[in-house]
Every structure is written in C-alpha cells, then in structure tokens.
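Student: For reference, the structure I am asking about is given below.
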Ligand SMILES: Nc1ncnc2c1ncn2[C@@H]1O[C@H](COP(=O)(O)OP(=O)(O)OP(=O)(O)O)[C@@H](O)[C@H]1O
Ligand SMILES: O=C(O)C1=C[C@@H](O)[C@@H](O)[C@H](O)C1
Ligand SMILES: [Mg+2]
C-alpha cells in the first residue's frame, strides 16, 4: 500500500468526493477536508453566491489559493471541487504532492445524484445532462492525467466504494 497520509479525491460533480471522502478518512484514520467547504468558510458565503458575485473566474481564483495551501496539509483526505483540474497549477499541486484517486461515475449517474441539489451553479441553467456530458469530455482526460488510482462508483453505495478503495489500495 502506498504511504497514504495525503489522499486527494478528484472527479465530476456527483462522483461522491465529499460523501465517500468522509468514510475513507475514517477508514484510514486521517482528517477529512474539502476545498469547496474551505472556500465557503473563508469567503463567508456559499458557492452560488461566489459564482453570482465574482463569476466562475473569481471562484477559480479562490479555489487555486486553497488548493495551493491544502495540498500541503498532512494526514488528510482532501475532497476537491469537480473543476479543480482545469487549472494546470492545481493539477501540478495535486499530482505532485499526494496520492490522487479519481472517483468515476457515468454521466447518467452524475445526473441522478445531482438532480435534487441547487448548490451547483453550473447545473442551474440549461440542460444539466448536456452540461455534465460536455464537462466530462473536457475533464475526464485531466482527471486521468493526475490519477494514481481510478475507481468506478456506479451501482455501489458511498460506504461500499470507500471499503472497496481501502481493499484495492492495500493489494
Ligand atoms: N456511490 C454513490 N451512490 C449513490 N449516491 C451517491 C454516491 N456517491 C454520492 N452519492 C450521492 O450523490 C450526491 C452528491 O455526492 P457528493 O456531494 O459527495 O459529490 P461530490 O463529488 O462531492 O460533488 P461536487 O463536485 O459537486 O462537490 C449526494 O447526495 C450523495 O449522497
Ligand atoms: O464541477 C465544477 O466545476 C464545480 C463543482 C463543485 O464541486 C464546485 O466546486 C462548484 O460548483 C464547481
Ligand atoms: Mg463535494
């Protein structure tokens, strides 16, 4: 098993980075942290507000700042935002400083898992399925570029994915 004291979870919206990350941190006896929550607590506002007021680029600037810092934290499972791989600076920080796990989900499954939620600004206009498909076309190769391990999550509960991950990482 690789020395897992810094685990970074990447993948699209609805992959389960936040949900699975908490279970995985418990299993590995590490702290759990999340770039999206850190951005919200530092800004004192939620993500839809940041997108409204500062635009996506404003959000990406904030994201880059927290990624630069949080990828240097130790003993942590770090869940990231779905768009974290867009900036090369973030890909370098994630790929170079820890063990990167790509949580993969099909677009159909991403649609099902994000349907009821209003907290993802990119899915609040237009057709969410089409948006998620376009985002995956651009981002899937970027997730894979930095991933040390890829796990498929369709058809498995978050708890089961975390258990499978622990098993797969220890073989
Ligand atoms: N393996 C799974 N099976 C079923 N539902 C899941 C699974 N993983 C996550 N979910 C559900 O999908 C929703 C989105 O999960 P979560 O917020 O963890 O995704 P995320 O990858 O952190 O997305 P974001 O990039 O938007 O932060 C939640 O309601 C969660 O309970
Ligand atoms: O996929 C994305 O670009 C995003 C995913 C979320 O985690 C948040 O970081 C935000 O809603 C943007
Ligand atoms: Mg999340």
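Placement of Cβ uses the backbone N, Cα and C atoms for every residue, glycine included.
Just so you know, TrEMBL annotations never went through curation; they're auto-generated.
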Student: Out of 97, 118, 120, which one does TrEMBL list together with 14, 15, 16, 17, 18, 19 for ATP?
Tutor: 120
Student: Where TrEMBL shows 60, 82, 139 binding substrate, which of 36, 117, 154 is named for the same site?
Tutor: 36
Student: Quick check for the class: what is the C-alpha distance, in angstrom and rounded, between residue 60 (substrate binding site) and residue 120 (ATP binding site)?
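Tutor: Cα of residue 60 (substrate binding site) to Cα of residue 120 (ATP binding site) measures 14 Å after rounding.
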Student: Tally every other Cβ atom lying within 10 Å of the Cβ atom of residue 36 (substrate binding site).
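Tutor: A count of 21.
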Student: Just how many other Cβ atoms lie inside 10 Å of the Cβ on residue 19 (ATP binding site)?
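Tutor: Counting Cβ neighbours of residue 19 (ATP binding site) within 10 Å gives 19.
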